[in-house]
Amino acid sequence: MRYDKLTAKFQQALAEAQSLALAADGSYLEAGFVLKALLDDQNSGAAALLAHAGVNVPQVKQRLQQHLNSLPKVSGQGGDILPSRELQAVLNLMDKAATKRSDAYIASELFLLALVQQNDATGKILKEAGATEQNINAAIDAVRGGQNVNDANAEDQRDALKKYTLDLTQRARDGKLDPVIGRDDEIRRAIQVLQRRTKNNPVLIGEPGVGKTAIVEGLAQRIVNGEVPESLRNKRLLVLDLAALIAGAKYRGEFEERLKGVLNDLAKDDGNTLIFIDEIHTLVGAGKTDGAMDAGNMLKPALARGELHCIGATTLDEYRQYIEKDAALERRFQKVLVGEPSVEDTIAILRGLQERYEIHHGIDITDPAIVAAAELSDRYITDRFLPDKAIDLIDEAASRVKMEKETKPEAMDKIDRRLIQLRMEKAHVEKEKDDASKKRLELIDEEINGLQKEYADLDEIWKAEKAISDGAANIKKQIDEVKIKIEQAKRQGDLALASKLMYEDLEHLEKQRAAAERADTDSTKPANKLLRNNVGAEEIAEVVSRMTGIPVSKMMEGERDKLLKMEEVLHRRVVGQDEAVRAVSDAIRRSRSGLADPNKPYGSFLFLGPTGVGKTELCKALAGFLFDSEDHLIRIDMSEYMEKHAVARLIGAPPGYVGYEEGGYLTEQVRRKPYSVILLDEVEKAHPDVFNILLQVLDDGRLTDGQGRTVDFKNTVIVMTSNIGSQHIQQMGIQDYEAVKEVVMEDVKEHFRPEMINRIDEVVVFHGLDQDNIRNIAKIQLKGLEKRLEKQNLRLAVSDAALDIIAKAGFDPIYGARPLKRAIQSEIENPLAKALLAGNYAPESEIRVEADGDRLKFA
């Protein structure tokens, strides 16, 4: 027996058999242990070969286990166990069979043949299960495909297509693929390339999420349905699993052997198999080690000769980075460009997928939800592509509704929490013996009984609604299964079965579904329903809001009233400046009502005016109004961008420079918070080149950062503030607004280029503040102090006379409202801080600030 000529797979089986014999306290290594090791190994192919030969494999396994259990046991056996005489005889027969077949190595399938030839106990088990020398020989010939075993790893290369590929056409027959809607031109172009004599390899190139893999699935469905030219009919479409090819390839050359096995199997198939390689750029460099070939180079000859019918898919960037660099590989593929579908096409795609998602989640998806998913994803999710991003919205909204359906409704949850609270209170009150506690106990018992009854009623309604909903979902699932069976029966030509399924089973299920839907509608009025069972446009809008931070939910009456009273709300923080507040309010109302140009920012303004008149404060008030938080204000001090090279800090350093990976300050902030107020403060202090990057933002609402990513500014309000022309505003005072603006604009035109001014929606001039304005600002600022004192359980009351003194002390026509803050600090906060530290005011007391001549006094 030539032990050195055993294949790696059979050597592994012998080692495993040795372990089994030791574990069973066997006296010898019997042939039965080797057979068990082969049958237990999923990758050995022994079980498949026996099944191919018509042997009852489960019977073999059962009888074999009984035989091994009956063998004599030797306790305390140490070291290796020697092969029994029967096993040595079987191994010798294997050697003879290998020589007869001209094999260089002895493969594990010859062990099965030798067992049948040898008339020992294990051989009898095989014969009783239906094994004969003739049918085992025939099965070996079928498995080998006419090839000899010429190297130790020959068994690993068998059935390479089964191990390293997935059959898409079989999945299409089983109804496991989603329907592919549209994309006819791309599928037709791919078929056209596949029918060429040479270089018949299409590569689908497009952005991530546009549906490249779906096109291949569509082709698989067409092949199964016979909707392809004659030359492609009955072909198999397999997906190459490159990860499985590479995984576990420990030794040099092992990966190449596996790939060669796949190529050999494809060559044997004589062009009846198409192979799809997703992310085809991963072939370039796959399996590459020092001096070894990579997968891309191994595929080139087969691709050029037309032996390998390959369909590739990759993104534009990766095609350029990997495939285009290798000109020899590139010329073997024919490009099929896959563009992003339009919103209308996406709606059609979603309607095609609607039923699959309804069955998966067990809920209904309405048509308005489908339209909203396509339109809102196109408008607000700008860094991804249709239809993928629209499908994601539908999937996530459906998942959310399903989660709500499977958990306790909010109304019941509130009652549950209240009951827990009351029971805890009852436990404490029961310990008390006074009359008040007894009365309280009666009230608690009464409330608990009422809530328990209400909870029981709601629980009954919820369970009934859930049962109806689950029943309808189950019927939908059965309908889908019947439809798949109808398609399979039609393909097999079994028209009798197809008509039975269609006119009996399907009609019966459709009636059941209609009845279930009627029961769902009649069970409770929509207002009283505890369960939400469908996805509408509002659910989609909620998901978009959560994903992007953009409030796109349908405008409620409260928000409409809020927008109509926007000036009033902003004037609570910004005193005077009626023209500025009106201009900003009009821009926001235009955008929120859907009348503004969707491809531009919500509004772009240039605020001009002297220091301290409320330019920056209006931006803060606007951010607070729109988002209930000033965190959505992106403030950039333009005095930091006085040098020409500082532009790179806004959009990110170009490739090759330090900080390239970090991105730009402005672009990164807007990517994270796409719905923001952008304040470019003191804009006239920036270098003129900074304005060049703003032109694109103001006109198209987008900006390309240093890494080539397009950042969307369409949901931002851009405000630039400047002190240009402030001397004219101070000299002319509060005269005719248009006259002041005309004079100031002359200075603006000298500083900014015409193309910059032309792109700004509105230039707003802020006028100086008068004594009354300062008095009103003092009231606003003192409210902030009142809130801080409230935290210390103190109240603040400022008399009108005291307010006049503060306003007078804080009034300066040149510096605006900023001196007022200093006046409040010196006149009120400083003396008050000393008094508080001295302990002059007890908690809950009121601090009154009154006038005492020209000074203030505290009481």
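Numbers run from 1 along the shown chain.
Backbone N, Cα and C define each Cβ position, glycine as well.
According to Swiss-Prot, the ATP 1 binding site annotation covers GLY206, GLU207, PRO208, GLY209, VAL210, GLY211, LYS212, THR213, on the basis of similarity to another entry. Spatially close to VAL210 (ATP 1 binding site) yet at least six residues away along the chain are VAL338, GLY339, GLU340, PRO341, PHE385, LEU386, PRO387, ASP388, judged by Cβ distances under 8 angstroms.
Among the features that Swiss-Prot reports, ATP 2 binding site is placed at GLY609, PRO610, THR611, GLY612, VAL613, GLY614, LYS615, THR616, with the record citing similarity to another entry. DSSP assigns GLY609 (ATP 2 binding site) to coil, not to a helix or a strand. Counting Cβ atoms from all protein chains shown, GLY609 (ATP 2 binding site) has 27 others lying within 10 Å of its own Cβ.
Per-residue pLDDT, averaged across the domain 'Clp R' (3-146), gives 76. The domain 'Clp R' feature in Swiss-Prot is assigned to 3-146; the stated evidence is sequence analysis.
For the region 'Repeat 1' (6-71), the number of residues in each DSSP class (helix H, G, I; strand E, B; coil) is 47 helix, 3 strand, 16 coil. Among the features that Swiss-Prot reports, region 'Repeat 1' is placed at 6-71.
Among the features that Swiss-Prot reports, region 'Repeat 2' is placed at 83-146.
The region 'NBD1' feature in Swiss-Prot is assigned to 159-340; the stated evidence is similarity to another entry.
Under the heading region 'Linker', Swiss-Prot lists 341-549.
Per Swiss-Prot, the feature region 'NBD2' maps to 559-768.
The region 'C-terminal' annotation in Swiss-Prot covers 769-859, and the record cites similarity to another entry as its basis.
Cβ neighbours of THR616 (ATP 2 binding site) (same chain, under 8 Å, six or more residues apart in sequence): ARG635, LEU679, ASP681, THR721. The DSSP secondary structure for THR616 (ATP 2 binding site) is helix.
Two recorded stretches are said to be in contact when at least 3 C-beta pairs lie under 8 angstroms, sequence spacing 6 or more; the region 'Repeat 2' (83-146) and the region 'Repeat 1' (6-71) meet this definition. Annotation note: GLU207 (ATP 1 binding site) sits in a coil segment as assigned by DSSP. Take the CB of GLY209 (ATP 1 binding site) and look out to 10 A: across all protein chains shown you find 17 other CB atoms. Each of THR315, VAL338, PHE385, ASP388 belongs to the same chain as GLY206, GLU207, PRO208, GLY209, VAL210, GLY211, LYS212, THR213, is absent from that list, and has a C-beta within 8 angstroms of the C-beta centroid marking the ATP 1 site. According to DSSP, the secondary structure content of the region 'C-terminal' (769-859) in residues is 50 helix, 17 strand, 24 coil. For GLY609 (ATP 2 binding site), the nearest of the binding-site residues GLY206, PRO208, GLY211, LYS212, THR213 in terms of C-alpha separation is PRO208.
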